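K.L.:
Before I ask anything, let me first share the structure, which is written out below as structure tokens.
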Ligand code: C5P
């Protein structure tokens, strides 16, 4: 039976950037063992759930032509998974307003899944512990638990096992969105190929980076940003080198490919600097569009 809550319910979920992404070897299940530090950023998707007679999906915003509106969409799968586990009727209308770049390495799909999970659990009045929601989240995708939790966190396993990390203050980011997306599995496969062909350097321990995040000093954090997937993303989209260079020339403290890319994330000294870097990047023609954002921000949250 559907919820008695008659009004639509909106949940907002954030994008993420990986401040540290250490990729281990591929496991027997096909996933890679990760040591990563996530930070949630102030770019959001809004997911609105309305009780209905059928499960339908409607997506608006930039890049929507690449978002599936069939049952393979992660938000729809989230609702179905939760309904099956708790014996509910999954029928509802799901409206997704995309603010997170699609196929950009910023966990947009995971944000939608996290928002749909929290939304459905709220609509149905499910009395469940956060661990149970985390378990369903992890079954949907490696980044979905982080999208639920937000803030800054150390992720291990395939990225789904989280320990909250201390962060002081606010970090300011400029994001350069690429013209074409990248497929996450393809980027991991490319890293495996690069590693078979040679031995690209691997990220070490994130301890120094975690201390820098706790200090709140972006100058201290900047040289420690690292992403093992960056070499693979650059191999598949060589033009991203120009984007990274342009961001540094524009005054960013550091630039890094976000997750599996192709979004490039630039850490800046202040909110004003982030706007300046964005303006220069936009003018340099090295990306499709730019966004400024700050972090950390909370994970999926019901919009009052
Ligand atoms: O878990 P998620 O659905 O986000 O993963 C998408 C794909 O990314 C996986 O199918 C896998 O190819 C790759 N991946 C990986 N190791 C991880 C996370 C993702 O190889 N830890």
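Cβ from N, Cα, C; glycine included.
A TrEMBL annotation is a machine prediction, not a hand-curated record.
As annotated by TrEMBL, active site applies to 16, 143. The annotation domain 'GHMP kinase N-terminal' is assigned in TrEMBL to 73-150. Per TrEMBL, ATP binding site is recorded for 101, 102, 103, 104, 105, 106, 107, 108, 109, 110, 111. Taken from TrEMBL, the feature domain 'GHMP kinase C-terminal' covers 210-281.
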K.L.:
Under a three-state reading of DSSP, tell me whether residue 111 (ATP binding site) is helix, strand or coil.
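P.N.:
DSSP assigns residue 111 (ATP binding site) to helix.
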K.L.:
Which Cβ among the binding-site residues (103, 107) has the fewest C-beta neighbours inside 10 Å?
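P.N.:
Output over binding-site residues 103, 107: least Cβ neighbours within 10 Å is 103.
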K.L.:
Suppose we draw a 10 Å sphere around the Cβ of residue 101 (ATP binding site). How many other Cβ atoms does it contain, all chains included?
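P.N.:
A count of 25.
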K.L.:
In whole Å, note down how far the CA of residue 143 (active site) lies from the CA of residue 107 (ATP binding site).
P.N.:
7
K.L.:
Let me spell it out: for each of the binding-site residues (105, 109), count the other Cβ atoms within 10 Å of that residue's Cβ, using every protein chain shown. Which one has the most?
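P.N.:
The residue with the densest Cβ neighbourhood is 105.
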K.L.:
In Å, rounded, how far does the Cα of residue 101 (ATP binding site) sit from the Cα of residue 143 (active site)?
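P.N.:
Cα-Cα, rounded: 15 Å.
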K.L.:
Using the Cβ center of 101, 102, 103, 104, 105, 106, 107, 108, 109, 110, 111 as the ATP site position, which other residues in that chain lie within 8 Å, going by their Cβ?
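P.N.:
Not counting the recorded site residues, we get 15, 100.
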K.L.:
Quick check for the class: what is the C-alpha distance, in angstrom and rounded, between residue 111 (ATP binding site) and residue 143 (active site)?
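P.N.:
Distance (Cα to Cα, whole Å): 8 Å.
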K.L.:
Averaged over the whole of the domain 'GHMP kinase N-terminal' (73-150), what is the pLDDT?
P.N.:
96
K.L.:
Within 10 Å of residue 143 (active site) (Cα-Cα), which of the recorded positions 16, 103, 109?
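P.N.:
Within 10 Å Cα-Cα: 16, 109.
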K.L.:
Would you mind sorting out which of 103, 105, 109 (the binding-site residues) have a C-alpha within 10 A of the one on residue 16 (active site)?
P.N.:
105
K.L.:
Among all protein chains shown, how many Cβ atoms are found within 10 Å of the Cβ of residue 143 (active site), not counting that one?
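P.N.:
Summing over all protein chains shown, residue 143 (active site) has 28 other Cβ atoms within 10 Å.
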K.L.:
Under DSSP, the domain 'GHMP kinase C-terminal' (210-281) has how many residues in helix, strand and coil?
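P.N.:
In the domain 'GHMP kinase C-terminal' (210-281), the DSSP-based counts are 41 helix, 11 strand, 20 coil.
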K.L.:
For residue 105 (ATP binding site), which DSSP three-state class applies?
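P.N.:
DSSP assigns residue 105 (ATP binding site) to coil.
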